[in-house]
Amino acid sequence: MQYGMDSFGLRGIPHQVFIKKKEGKIMSLAWWKRELFGGWTHFEAVWLLMFLGIQAVVFVFNPDSWLASVAAVTGILCVVFVGKGKISNYLFGLISVSLYAYVSYTFKLYGEMMLNLLVYVPVQFVGFAMWRKHMALGETAETEEVKAKALTVRQWLLVVAASVVGTSVYIEWLHHLGSALPTLDGVTVVVSIVAQVLMILRYREQWALWIVVNILTISLWAVAWFKNGETSLPLLLMYVMYLCNSVYGYINWTKLVKRHSGQ
């Protein structure tokens with residue numbers, strides 16, 4: 001069964017969350033329970049709790065960065081859920097990218113700000129709509145997971161060409177805007193957009209690009225950390241966790257491709 005989401009409003013509904021599809025069906029609280037807590041291996045559960053625990057420790061020692069910490073926690077939930085092929089990743093993603101856009105603005109990382117505000121925010125809605133049409137039962141039939149697929153060699157070449165052209169143009173624009181790190185910022189933004197498109201289209205190779213993006217973004221926030229102090233530390237650690245998750249995401253999506261090939 002596939003589910004849709006027309007609203008994120010949850011307050012005032014004590015027993016059941018009603019999120020209607022066009023067909024008139026609803027998404028129950030029981031569905032959310034299965035989606036959020038079902039289908040995890042022991043390793044994945046420990047993996048997620050470890051990531052969240054690290055962010056909690058950072059917040060305890062650096063409470064002034066609470067906004068960045070919330071962005072980091074919801075971002076971690078988002079990418080881990082993407083790695084599992086869970087459609088609920090888009091709820092956490094919406095919260096994270098909205099906050100991250102504001103934090104990026106305060107650090108004058110305008111490329112990151114525009115990427116999150118103008119691309120990632122609307123993409124959460126587009127991605128949910130695209131994924132809901134291509135969901136299948138998971139390995140244990142306990143939860144749903146997205147039907148993943150793989151790029152051909154020709155498609156890979158097109159992805160690389162588009163990334164190179166887009167990066168060259170965007171870096172020039174960031175120079176004119178006075179971005180703090182136009183080259184690094186520009187490469188990160190363009191490759192991120194391409195990776196996001198591959199994610200929406202359910203391609204496994206998004207994770208190869210996310211690995212590149214996360215390495216670049218770690219460099220970007222490391223510079224911000226040295227210049228501006230501890231307020232950027234939660235986001236720096238968030239991208240270190242993203243990098244680890246990207247490797248695991250590629251491995252897990254390879255399994256999804258094999259499991260749902262031909263469907």
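Backbone N, Cα and C atoms are what each Cβ position is placed from, and that goes for glycine too.
What Swiss-Prot lists as beta-nicotinamide D-riboside binding site is GLN124, GLN196, TRP210, ASN214, TYR242, and the listing cites a large-scale study or a structure entry. Swiss-Prot lists 1-40, 132-155, 202-205, 254-263 with the feature topological domain 'Cytoplasmic'. Among the features that Swiss-Prot reports, topological domain 'Periplasmic' is placed at 227-232. As annotated by Swiss-Prot, transmembrane segment applies to 41-61, 63-83, 87-107, 110-131, 156-177, 181-201, 206-226, 233-253, with the evidence given as experimental evidence.
The stretches the transmembrane segment (233-253) and the transmembrane segment (181-201) do not meet in space: the count of Cβ pairs below 8 angstroms, excluding pairs fewer than 6 apart in sequence, stays at fewer than three. Summarised by DSSP class, the composition of the topological domain 'Cytoplasmic' (202-205) is 0 helix, 1 strand, 3 coil. The secondary structure of GLN124 (beta-nicotinamide D-riboside binding site), as reduced to three states from DSSP, is helical. Largest Cα to Cα distance within the recorded beta-nicotinamide D-riboside binders GLN124, GLN196, TRP210, ASN214, TYR242: about 19 Å as a whole number. Outside the topological domain 'Cytoplasmic' (202-205), and at least 6 residues removed from its termini, the chain residues within Cβ reach (under 8 Å) are 130-131, 134, 146-151, 156, 159, 250, 253-254, 256-257. If you take the C-beta of TRP210 (beta-nicotinamide D-riboside binding site) and look for same-chain residues 6 or more apart in sequence within under 8 angstroms, you find ALA195, TYR242, SER246, GLY249.
GLN196 (beta-nicotinamide D-riboside binding site) falls within a helix when secondary structure is assigned with DSSP. Distant neighbours of the topological domain 'Cytoplasmic' (254-263): 85, 136, 139, 145-150, 204; these residues of the same chain sit at least 6 beyond its ends, with a Cβ under 8 Å from one of its Cβ atoms. Across all of the topological domain 'Cytoplasmic' (1-40), the predicted model scores a mean pLDDT of 50.
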